[in-house]
Amino acid sequence: MAADTTTYDPVTTSDLSSAYRSTHAELQAWVDEVAALTKPASITWIEGTPEEWVRLTDELVEAGTFVRLDETKKPNSFWCASDPTDVARVEDRTFICSVDETDAGPTNNWMAPAEMKKLMTELYDGSMRGRTMYVIPFVMGHLDSAHPMFGVEITDSAYVVASMTVMARVGRQVLDKIEATGASFVPALHSVGAPLEPGQADVPWPCSDTKYIVQFPEERMIWSFGSGYGGNALLGKKCYSLRIASVMGRDEGWLAEHMLILKLTSPEGDVKYVAAAFPSACGKTNLAMVEPTIEGWTVETLGDDIAWMRVGADGRLYAVNPEFGLFGVAPGTGWDTNANAMRTIAQGNSVFTNVALTDDGDIWWEGMTEDAPAHLTDWKGRDWTPESEELSSHPNSRFCTPIRQCPILAPEYDDPNGVPIDAILFGGRRKTTIPLVTEARDWTHGTFMGATLSSETTAAATGAVGVVRRDPMAMLPFIGYDAGDYFSHWISMAKNNDESKFPKVFYVNWFRRDEDGGFLWPGFGENSRVLKYVVERIEGKVDAVETPIGLVPAAGALDTDGLDVSDEQLAKALAVDVDEWKAEIPQINEWFEKFGDKLPAVLWTELDALKARLEA
Ligand code: GDP
Ligand code: PGA
Ligand code: MN
């Protein structure tokens with residue numbers, strides 16, 4: 001911790017002396033240091049056992065944070081409502097505290113590390129008073145991988161412990177390996193920032209109005225304060241596996257990306273692996289578990305949010321999902337849109353946050369069923385009926401559920417080496433301009449597509465919803481360094497390796513609208529038609545047509561057999577509208593100018609070529 005900035009009060013830790021003491025000197029020293037600073041009432045090291053889960057969830061029920069759901073409907077599952085102000089990632093409170101400001105780049109908030117440490121050390125001082133401090137040893141990716149990616153989260157939130165237990169591999173086995181190998185780990189400190197004075201009653205969802213989500217990239221360290229929400233508090237996820245890991249990837253020659261991973265098998269039994277980057281709440285979880293509507297094709301899931309990709313000995317790009325659970329957007333998830341997610345949560349062992357509670361001890365949200373139940377308790381704890389004006393569930397309400405329960409989990413999920421990726425899809429939420437599917441000519445053009453990716457903002461982050469912004473590779477809030485350097489890293493990945501073995505890149509948009517605001521493309525299961533097209537393009541089985549923006553399906557190349565969409569509507573979904581694209585150019589230009597010298601010159605060349613083709 002901040003050894004260079006502050007000295008801590010010498011506090012007596014005698015009441016904490018019963019806590020486990022690690023043989024890993026650095027880990028134990030850090031735990032002692034955090035305890036001395038935050039002054040918790042007790043310390044618990046997380047073992048990851050079923051007994052511990054029962055104890056923890058019982059305590060959460062007792063505290064009023066959790067409501068146990070009916071065992072016959074959702075076994076071992078819990079409903080939870082957050083503070084209404086603590087419902088999403090807080091991008092304006094998220095910082096990359098690199099030593100040099102330039103290394104954070106123009107897309108991140110920055111503060112000098114020493115200054116941030118001083119400020120947050122004051123916030124952490126006594127912040128765990130009256131609470132239990134939990135120490136969670138975790139590993140992102142497989143414990144048996146060649147270089148296990150360890151972390152230890154210290155938190156004063158039992159909700160975070162329960163959620164981390166679902167989302168990452170945690171506990172005794174992980175700690176044993178850290179200790180046995182003397183491995184280094186990412187220290188990840190989290191406090192809800194709501195100390196309890198003696199006799200003070202707790203609230204179901206403690207949090208603070210002051211929030212900081214901070215990454216120290218050079219030290220590979222995370223400090224989070226004030227929020228209990230997933231992306232802000234489950235520090236193995238976005239903070240480690242994307243922000244810190246992207247910096248590790250830059251330094252070590254690999255990629256940490258905001259991508260789902262799926263396995264697609266054709267009727268002939270040919271297997272392809274696809275990774276896809278869509279911004280938060282733009283369809284990753286849904287596509288990862290999609291049920292194809294086309295005969296004979298199957299999809300299996302490997303990951304729904306994060307992919308770590310390294311070049312293998314054969315020159316191909318191999319992806320692993322570092323997570324152990326699914327943290328999915330609840331609204332819109334139903335038997336007709338994402339049946340596999342419904343089957344996953346039906347097995348229980350899940351936490352549901354900010355959804356509605358039914359009178360018979362189950363959960364409900366908008367889009368789960370066509371008709372809403374006659375009466376619910378909404379996410380704010382109020383009576384709700386279909387006549388109510390507000391939604392029953394927060395738009396960013398979530399299910400947190402073990403990925404192992406996914407009925408279509410691919411067996412390769414357990415392979416620490418991952419799977420070789422054949423295609424990368426970039427996609428966003430755009431009402432106009434972006435066609436259903438466009439193919440990049442090569443890796444550089446694919447990097448240009450990713451670098452200029454745009455999407456309408458969603459409820460997954462606080463702030464306005466529906467505003468178009470550039471979201472490069474769906475990583476805008478997650479690149480742990482200068483985004484210009486990140487684009488260079490993408491370009492160099494193919495340059496330093498054999499590009500011919502790299503995945504083909506496609507740009508998709510499920511969210512284009514007609515004049516009346518309706519979706520032009522039915523999406524969900526029908527997206528399998530686009531997956532099939534992608535595979536058939538890779539295999540050279542179907543034709544594409546050159547357009548100014550890239551290759552689009554030739555007539556008949558996209559399988560529309562049995563698709564309930566008129567030819568006119570389909571044409572609109574696929575159309576490349578030169579005028580709409582011309583209007584896009586100044587925005588891309590402005591976006592690129594942000595990066596000054598750091599923008600790879602080849603991306604300017606791509607933009608110039610695009611302009612020229614649009615003018616031709
Ligand atoms: P993630 O945060 O990227 O994993 O996004 P999700 O898969 O959880 O989806 C976010 C929201 O987009 C949910 O409300 C989904 O129902 C909706 N969604 C996902 N896929 C599609 C699609 O193909 N078409 C439409 N119209 N909506 C979709
Ligand atoms: P997602 O991320 O919306 O990409 O699933 C979860 C989060 O923002 O915490
Ligand atoms: Mn998701």
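Glycine too: its Cβ is placed from the backbone N, Cα and C atoms.
The candidate list Lys238, Lys272 contains one residue that TrEMBL assigns to the Mn(2+) site with His258, Asp305, namely Lys238. Residues Ala281, Cys282, Gly283, Lys284, Thr285, Asn286, Arg398, Phe524, Gly525, Glu526, Asn527 are given by TrEMBL as GTP binders; from Arg250, Arg316, Arg429, that same site also lists Arg429. TrEMBL names Tyr229, Gly230, Gly231, Ser280, Asn396, Ser397, Arg398 for binding substrate. Of Arg21, Arg55, Arg68, Arg89, the residue it gives for the same site is Arg89.
Listed binding-site residues: Arg89, Gly283, Asn396, Ser397, Arg398. Those with a CB atom under 6 Å from ligand 2: Arg89. The Cβ of Asp305 (Mn(2+) binding site) has 25 neighbouring Cβ atoms from other residues within 10 Å, across all protein chains displayed. You'll find the Cα of Thr285 (GTP binding site) roughly 16 Å from the Cα of Gly230 (substrate binding site).
In this structure, Ser280, Ala281, Cys282, Thr285 are the recorded positions from His258, Ser280, Ala281, Cys282, Thr285 whose C-beta falls under 6 Å of some atom of ligand 1. Ala281 (GTP binding site) and Arg398 (substrate binding site) are 11 Å apart (CA-CA, integer value).
Checked against ligand 3, the binding-site residues Gly230, Thr285, Asp305, Ser397, Phe524 give Thr285, Asp305 as the ones with a Cβ under 6 Å from it, listed in sequence order.
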